[in-house]
Structure formats: C-alpha cells, structure tokens
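Here is what Swiss-Prot records for this protein:
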- Val18, Glu39, Lys46, Tyr71, Gly85, Ala86, Ser107, Ala124, Ala125, Asn126, Ser149: NAD(+) binding site (BINDING)
- Gln88, Arg94, Asn126, Pro127, Val128, Asp129, Asp154, Ser155, Ala156, Arg157, Thr235: substrate binding site (BINDING)
- Arg159, His174: beta-D-fructose 1,6-bisphosphate binding site (BINDING)
- His181: active site, proton acceptor (ACT_SITE)
- Tyr226: phosphotyrosine (MOD_RES)
Amino acid sequence: MTSTKQHKKVILVGDGAVGSSYAFALVNQGIAQELGIIEIPQLHEKAVGDALDLSHALAFTSPKKIYAAQYSDCADADLVVITAGAPQKPGETRLDLVGKNLAINKSIVTQVVESGFKGIFLVAANPVDVLTYSTWKFSGFPKERVIGSGTSLDSARFRQALAEKLDVDARSVHAYIMGEHGDSEFAVWSHANIAGVNLEEFLKDTQNVQEAELIELFEGVRDAAYTIINKKGATYYGIAVALARITKAILDDENAVLPLSVFQEGQYGVENVFIGQPAVVGAHGIIRPVNIPLNDAETQKMQASAKELQAIIDEAWKNPEFQEASKN
C-alpha cells in the first residue's frame, strides 16, 4: 500500500445479516485495526448504528476503529469484503440470484476501484463463484487479488458432519468440498482423512458406517443452506466465521491453505472460471492453487460443475452493459 497507515484496514460492503455477523466476528477475534462499513444511502443509519454497537465490545476484545464508511474510504484499505446482494429466498438456488446480484456487484466494484483501491477483494455474495468472476472482470485486477469464499463454508460443514458421525473433533477431520458453492458441488472422498488416516481405513478400524450413510451425509452438507433458510430465513453465522478466517489469513500473511473460489487455468481440464478448490492464500492474495489429485469420477464432477458456471456466465455476458464494463 502507498498509504502511511501502519495498521490493517478492512472495508465491508453490505451490512445485512452476513455482513453484520462478519463484522461481529472480526471484533470478537481481534482481526484488523480499522473496519469501515458501507451501506446504500437509505440504510446508512443502520451502518452507523452497527458501528456504534460493535464499538461497545472493544473494551472486551482489542482496539479497533469502527465507522460507517463511504466508497472513498476504500482508497487505502487492505481488503474490501463484498457481502451486499439480494438474499436467497426459500425455493431459490444461488444461481437464481445472478441477474439481481450482477448489477449490484457492478455498481459496487466500479465505485471501489474509482476510489483508488489497490488491495484485495474478498467476495461472499451469492452466487459467489459467478460474482467473484464478475468482480475480476469489472475491476481489472489481477486474478490473484480477487478471491471468493468458495467452498470454505461447505468444507467446514462437511468436516463437522463427519466429526459428528465419527465422534471426533472437527479440527482433526481433513476433507474438502470442491466445485461450485451450490448444487453442483462435490465431496473429495478420495482424500478425506482423520489425522492423516484415510477415511476408508479409519472407518474399518472404528465403526461400521455404510456407504448410503455417507451419501446421505454429503447431501445434508450440500443442502444445508436450504435447510437453514427454510427454518430461519437466511444463513449468516457460519459464512461470517469462514470470512473472518479468510480475512485473518490475508491480513496476517499466513500462506494458509483454504478452499476458495480460485481462477482456473487448465487444472482439472477447467479454464476461465472461478470455482472452489484449495489454495494458498496470504497478504498478496492467492499465492497458488493446491491441485488435489482427484480421481476420475471427481474430475468429471469438477468439470460438470465448471460447465454449469460457464453457462451462467456466458448467458449473463450477453448483456451489453456487462460487456462494456469488463476490464479483464
């Protein structure tokens, strides 16, 4: 950064359920020293109220400057996190949100870039893989500095579900969901392990779990958002903590391996889409993808998932407005 500031600054765009939960997670975990919250003009006072409310927790956590921000405040930010978008309603898929949220995304990204922002974009609005792609297109930024939350939450759900099934700590379960953050995602069963022990071997030694149970477990993970939306209207706590984890990895230059929306350049036979796979992430964004050697069935699922995303992108980019706004 060219600014003289000596601390880490995050700008959050979108103070809805996900955004405010993310802000709360940052405060609780002591992540970043400055947090600006941007909302549309008619909701600016909500951002003011949330900033004030969050500031009252600082005496219990760690110092942080929190305020309702403007787009001009993005200029010297290290990270801009986009959660703003139309929420997913009962019965809607994430891909149903494309039309509404691409227009919102274009407006946000344009204003952030116009501020002189030179940091990293982190996208969480849905459909996240498509909106990560559009953020890259509309910003003109290098692909390494545009990151989507990808399958980070899905993988956490998968690990927790396996942990409950096996009666172990989820932190000892190493397993990934890859592909679209949505209906075409898939479990990487071939590399799932418990403390380094292949899942299949672990199951042999510990208990009798049938294949049908594992299929049902994955389906529960895949459909978790629908379950939660039908019961309480929206999902926000899990994704908020996932975003906080990604934020910490970036701001602390951890070079952590996390499952994110990553630009594909031929890995798994996929190109020119952002899609969920593990990647090394640090202060400069995506350092490199971690290309897990998938088996043939998993590779086919990755390609099928990417094909679905590509079809959505191709259809959306028939809109001349999006074509004209593209810088990549």
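Here the Cβ of each residue, glycine as well, is placed from N, Cα and C on the backbone.
On a predicted model such as this, the values are computed, not experimentally measured, just so you know.
Nothing from the recorded positions Arg159, Tyr226, Thr235 places its Cα within 10 Å of the Cα belonging to Gly85 (NAD(+) binding site). The Cβ of Val18 (NAD(+) binding site) has Thr83, Ala124, Ala234, Thr235, Tyr236, Ile239, Ala240, Leu243 as same-chain neighbours under 8 Å, each 6 or more residues away in sequence. In sequence order, Asp15, Glu39 are the residues of the chain that are 6 or more apart from Lys46 (NAD(+) binding site) and have a CB within less than 8 Å of its CB.
If you take the CA of Val128 (substrate binding site) and look 10 A around it, the recorded positions you hit from Ser149, Arg159, Tyr226 are Ser149.
Taking the Cα atom of each, Ser149 (NAD(+) binding site) and the residue listed as 'active site, proton acceptor' are about 9 angstrom apart. Only His181, of the recorded positions Ser107, His181, Tyr226, have a C-alpha within 10 angstroms of the C-alpha of Asp154 (substrate binding site). The Cα atom of Ala125 (NAD(+) binding site) lies nearest to that of His181, taking the recorded positions Ala156, Arg159, His181, Tyr226 as the candidates.
Using a 10 Å Cα-Cα cut-off from Gln88 (substrate binding site), the recorded positions that qualify among Ser107, Arg159, His174, His181, Tyr226 are Tyr226. Neighbour density for Asp154 (substrate binding site): within 10 A of its CB lie 28 other CB atoms from the protein chains shown. Taking the C-alpha atom of the residue listed as 'active site, proton acceptor' as reference, the shortest distance to any of the recorded positions Asn126, Ala156, Arg159, Tyr226 belongs to Asn126. In the three-state DSSP reading, Ala125 (NAD(+) binding site) counts as coil.
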